[in-house]
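Annotation comment: TrEMBL describes 43-62, 82-99, 142-160, 180-196, 367-387, 471-491, 548-577, 988-1011, 1031-1051, 1120-1145, 1215-1237, 1244-1264 (among others) as transmembrane segment. The domain 'ABC transmembrane type-1' annotation in TrEMBL covers 332-614, 991-1272. Residues or ranges marked as domain 'ABC transporter' by TrEMBL: 647-871, 1309-1543.
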Amino acid sequence: MFIRGLLFVKSLVITNKPFILTEPNLTLYTDLPDLPECFQMSALPWAPCIYLWAISPFYILYLKRNNRGYIMMSTLNRIKTALGLILWIVCWTDLFSAFHEMNEGQPKPPIYFVTPLIVGMTMLLVTFLIQFERLRGVQSSGVLFIFWTISVLCAIVPFRSKIMQANQGEVKDKLRFTTFYIYFGLTLIELILSCFNEKPPLFSSVVTDPNACPETTAGFLSRMTFWWFTGLAIKGYKSPLESKDLWSLNKQDSSELVVPSLLNEWEVEKSKAHSEPNVKELATFIKAGTGAETNHVGDNPEEAEVLLSKRKESQQPSFLWALLRAFGPYFLIGSAFKLLQDLVTFVNPQLLRMLIGFTKQPNVPVWWGYALAFLMFGTSLLQTLILHQHFQYCFVTGMRLRTGIIGAIYRKSLVITNEAKRSSTVGEVVNLMSVDAQRFMDLTTFLNMLWSAPLQIILALFFLWQNLGPSVLAGVAVMVLLIPFNAFIAMKTRTYQVEQMKHKDDRIKLMNEILNGIKVLKLYAWEISFKEKILQIRQKELNVLRKTAYLGALSTMAWTSAPFLVALTTFAVYVSVDERNILDAEKAFVSLSLFNILRFPLNMLPQVISSIVQASVSLKRIQDFLSHKELDPESVDRRNNASEYAVSVVNGKFSWAKQDHVTLENINVMVPQGSLLAVVGHVGCGKTSLVSALLGEMEKLEGEVSIRGSVAYVPQQAWIQNATLRDNILFGKPYMEKKYRCVLEACSLTPDLEVLPGGDQTEIGEKGINLSGGQRQRVSLARALYSEADVYLLDDPLSAVDAHVAKHIFDHVIGPEGVLQGKTRILVTHGITFLPQVDNILVMVDGRISEMGSYQDLLKQNGAFAEFLRNYSLEDIIEDDEVTLSVVDEEEDFPEDALSNHVDMVDNEPAVNEARRQFMRQISIMSNDPENPKNKSIRLRRCSVKKLAEPQAEKEQKVEKLIQTETAETGKVKFKVYWEYAKAVGPLLSLFICFLYGCQSAAAIGANFWLSEWTNDAQHNRTQEFVQMRVGVYAALGISQGALILGNCLLCRVYSMLKAAHTTHLNMLHAILRAPQAFFEATPSGRVLNRFSKDVDTIDSLIPDNIDIWMRTFWYTVNVLIVCSALTPMFLIVIVPLMLFYWWVQRFYVATSRQLKRLESVSRSPIYSHFSETITGTSVIRAYGRNSAFVLMSNMKVDDNQKSYFPGIVSNRWLGVRIEFIGNCIVLFAALFAVIGKDKLNPGLVGLSVSYALQVTMSLNWMVRMTSDLESNIVAVERVKEYSETPTEAPWVVEDKQPPPDWPSQGNVELVDYSVRYREGLDLVLRNLSLKVKGGEKIGIVGRTGAGKSSMTLCLFRLLEAAEGEIVIDEVKISEIGLHDLRSKLTIIPQEPVLFSGTLRMNLDPFEKYSDDEVWKALELSHLKKFVSNQAAKLNLECAEGGENLSVGQRQLVCLARALLRKTRILILDEATAAVDLETDDLIQSTIRTQFDDCTVFTIAHRLNTIMDYTRVLVLDKGQIAEFDTPTKLIGQKGIFFGMAKDAGLA
């Protein structure tokens, strides 16, 4: 282009002789160079014009597409426009003067007409652009900035030559002399003005958003250098950043824009995939479908699929295409920058060749050298700016990718079928979000290397060939040989990684279950067994890591030595092929710098390929998950068709998954509008399945289901969010004081609020950990009640609460007189007490409906139901109506379940406790006054107005949060943490490793110095004599470097760092398992899991990498500085300010970036905990139709996380630009000093110092990055260490105090003046209890909630330690022996049955102490034998995570079987039979009576009839013994127990 332009210029100027294009003597070989006038007239002014005209069509198109709003006319804008017009006038003044001269008869060459015309037109274009940009909301224009810069640069030459002319006194053309200086001045002013910004457009988000990201308003220069980030860097340096300091996310990066765009593309893909099979195939299966009955192919997509796949593999939608279409275009801009950068990279080696040539030639003008030095500096600078723009685009794409993928997965998880859920556990799906989405994000940064690396390699080889000829092929051969070697390593590494992921998944899954069931582990003393299981998995994981490390060491060695081996073979071949080939400095060092360029793409290619391979695994996993079957929203007809039946099922046939056996068949149910239907039946007969079928959660194989109106659903196991109690009840509905109080009242939650430390603003831990089972269930019920739906599906909500609370709830909420009267209610229940009051009863047997009708009808039919009732019902329930209408409903005001047994929630501030005592006193007075009129008609008034009038006085004191927020450490990472890590590695070993790194870099310096000596032989014509020796020594130095690297890597990665990884994990695991129960109640499991997955992973693989790279770059930088200073001592003067600047930038960067990383990791865990919470509650979320609200919450959490991630990426760019500037300065000074010291230095040394300096940028950059990465990753050591130091409970075994092996032989239990509190500083929960229980006695424990029943059982196991007093079991004080000795000798059947994933056998007997026969015996006694022997796997039946594949009742029976196996002398039942129907309950009770006949049994009773035949009953009240005697005597005493028995109809 340029050449063609010059020829054209020649033709224009041919007319006048004195114009000659180039004159070497005028331009090059003089101390005052100047360009010929012709060139100054043509090429220079045209350059900016050509640029602008070429780019403006694209730019105008871009502006048309992207409208950012409208900017008001400002002074700045007016000045720019005016100057543009004046410039146009100035140019055309020249043009008209040329015409004028022509008329005067002084013809000018054509150039005098062409140039002013072109420049003038361009100025008009500029003026137009200035205005057009203003209308399109562009605040700062890059296009025009570049234009003005080029204009000024091109005008500098004529500027100088015109002055030189004036000095010689030869100004002939005064007019053009004047216009030129006006032109120059105006362009300079325009350039300066274009550095400033316009005001933001009207109505843009920048104006409205208080903390908008400055990038949107930043000017062009500020964007190129990332100057707009500086404010945050300074803020972060002054004080640690907090989340309020962060900018809000740019609109185009936020979930609300990114996720829908990805999902739309994915939908397109899915519809494409579904329409793929061609017409012929379609015809075949339609034909098959039409003739057959309805259930055939046409209706069953599975079969249709089979038909197709026989013909051709069914097409899966490609998630990759969706990603490319959603994020590709933005990414391509980054790729364009990359292409530019690749081309600029190769300018510097050419300049280096000229520089070395310059030092060789004795008498050339010095300005050449300076010009070369500054050109080198300029190209480096340009390269820096372009490279970081490229990175910025790539990283932002990566960030959007992650947002998109997380959003897609979250939305999908809300609608997948149960079958799909089974195939991916919560852990795996969370991994999709965390690990796999992260992989994509990491890949985008390097994806461009796929084409850029080959391009760089080709260019480098081209220049090398020019330099050294065919000898290059030898070097290329070495590279090519290394590629398969590395490919092999990459493949192996990948298989190991997949394997490691699998082990990691297993370990996290098991860990998750351990955390969920930690209480059970403690009660059964099973920690050691589970610790062994975790450690076994961990050992496998470490073995895989070790193999990976061996491979890593090999590949590191191969890559570090590669450039050296290539250089060695190339040079050796070059000098030995032909005697005339002389290796001089120019050839050697230019080749070296080209080899160094080659090194990066060669390094990156295998990495990119392996990370592409990893991402493809992730892609497959994500694609599979996103392609899972979704629940059919049409399976339940929700249309509000006017039929009298609110719920109807016709010929229903349902299963949990397509290929499972049918769970429910032949279901026909019609529920009339506004009626109450009870569903009863044995454990596992399909009651819950029926409710799920109505919700559309099951696969509908046949039949019709329809529900009229909205649905509220109360699941069997309450799903509680980690939010305040009020939020849990409102569940997204607006807060209405009156309705809300009414709901609390009906669900008898008001008294609980008195006890919770923050009233209804108390934060509930995840899974509702700080509420008792009954409270959870009532909150769940209150949520349903508040939602005011049309149809209520209540899955056994009464099982978890006590008898009289159940009665209260039935009367006030569910029953015919309750708040819900007139609504349609379907109640699954085990309590037969309420059956007479329901409209219809449906009896389920083995997945079928055996009979259905009203209570009286079923009694008359005399079928299974009547039989069942006769055995169980106590006649008086049916006859004695006065019970139901008992006058003193004392539980009205104080339900049994109100005060949670977790009194650890109670604030320790005296005001509250005072209020509570007041409250208690009042209650007891009311209870003692049977005729209290206040209670007379409460039940019948449904919602007592009196109470509404006085809403609970808001508590003033600060709510103590149960779950402490996760602390982000602030400030510098303490040296102690590094020391901890060094200790884990071994202090001496750490020093030795550092020393080895030093040696390795010394070998590298040696090799290069040797090369520089070798090239100097050329000057002294000594080349031939020394060739053998030169090559030999060079090779020896290089190979020793490789060997050192290998040794170092092996020592470092394979041995020491893995040892550190092993010990840190072991310590943390041990500490977590030894932590007291209180720790788990205050720490969400997600947080602990995060330490076990993310942080352990960091210690396993990231920290060793960081340390390795840091050490290498550190030594490399030191090398460069040493070499440059040794050659040109003046360099030392420059080093000091540069290093100061470096240190200063790094300080700013590290402080800010470290804090951003911490904020990012703290804001990450809420995404995952919210996600796992959502997955466990999908059925509830769907039932209430809250999908979109939860999606919004997830979006917010993701955006919050990206808000701290985005400044993190920018901080790296900001740093990169500044650090590389330092590197560029080093290049500049190395070259300048080489020019200055030209006479003293030989070409070899000049080549050495400059080629080293060219490399320093990269190592400086990496070093700061690694410092920062290391600082942020070493935090993992800090976090793991924090949990390794959690305070532990008492020792598991106390050696010298071990009780005899047969202890306790009698089973006597004695409490001596025993008191206990939940935590330091809280009130006592039990006060001065003293009682003696003889061996073999059966003790029932009853009392109102919060009386301390459960606390008492926890004390026997020492989950709570005594505040004072003793518990003595068979003459042994339990506080003196080890916890395992104690806990393994007691047995508890806990309130919530917890199972772990694994075989049934493992769940019953994790230590494998018992024989199979004993296990079968236990199963038989716990009535599970029939169920288990029907399973194919028998004892090896796999239990799902949390025992999901067994019904709650069956899980309870498994817990019974555990107890039967252990068969200890003391048994504790904690409300154990709440989840089973009466028949099973009876079986359990009789089993306990017969099997534990000689044992001491403590039972916390829900159903009083279970303890009426016990030896004695203990009534607790406010943590003290109220009554303690035989049941008959207590009833005679007419005390508290009598009142409770009367409620239950037993007295």
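Cβ from N, Cα, C; glycine included.
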Would you mind listing the long-range same-chain contacts of the transmembrane segment (367-387), meaning Cβ under 8 Å and 6+ residues beyond its ends?
31, 33, 224-225, 337-338, 340-341, 344-345, 347-348, 351-352, 354-355, 358-359, 1216-1217, 1220-1221, 1223-1225, 1227-1228, 1231-1232, 1234-1235, 1238, 1250, 1254, 1257
Ranked first among 332-614, 991-1272, 1309-1543 for CB pairs under 8 angstroms with the domain 'ABC transporter' (647-871):
1309-1543
Tertiary contacts of the transmembrane segment (1120-1145) (same chain, 6+ residues out, Cβ under 8 Å):
1005, 1008, 1215, 1218-1219, 1222, 1225-1226, 1229-1230, 1233-1234, 1236-1237, 1241, 1245, 1248-1249, 1252-1253, 1255-1256, 1259-1260, 1264
Tell me if the transmembrane segment (1244-1264) touches the transmembrane segment (1031-1051). I count contact as 3 or more CB pairs below 8 A, with pairs 6 or more residues apart.
no
Recorded stretches the transmembrane segment (1244-1264) and the transmembrane segment (988-1011) touching, at least 3 CB pairs under 8 Å:
yes
Within-chain partners of the transmembrane segment (1215-1237) [C-beta distance under 8 Å, separation at least 6 from its ends]:
225-226, 355, 358-359, 366, 369-370, 372-374, 376-377, 380-381, 384-385, 387-388, 391, 1120, 1124, 1128, 1130-1131, 1134, 1138, 1141-1142, 1145-1146, 1149, 1153, 1246, 1249-1250, 1252-1254, 1256-1258, 1260-1261, 1264-1265
Average the pLDDT scores across the domain 'ABC transporter' (647-871) and report the rounded value.
86
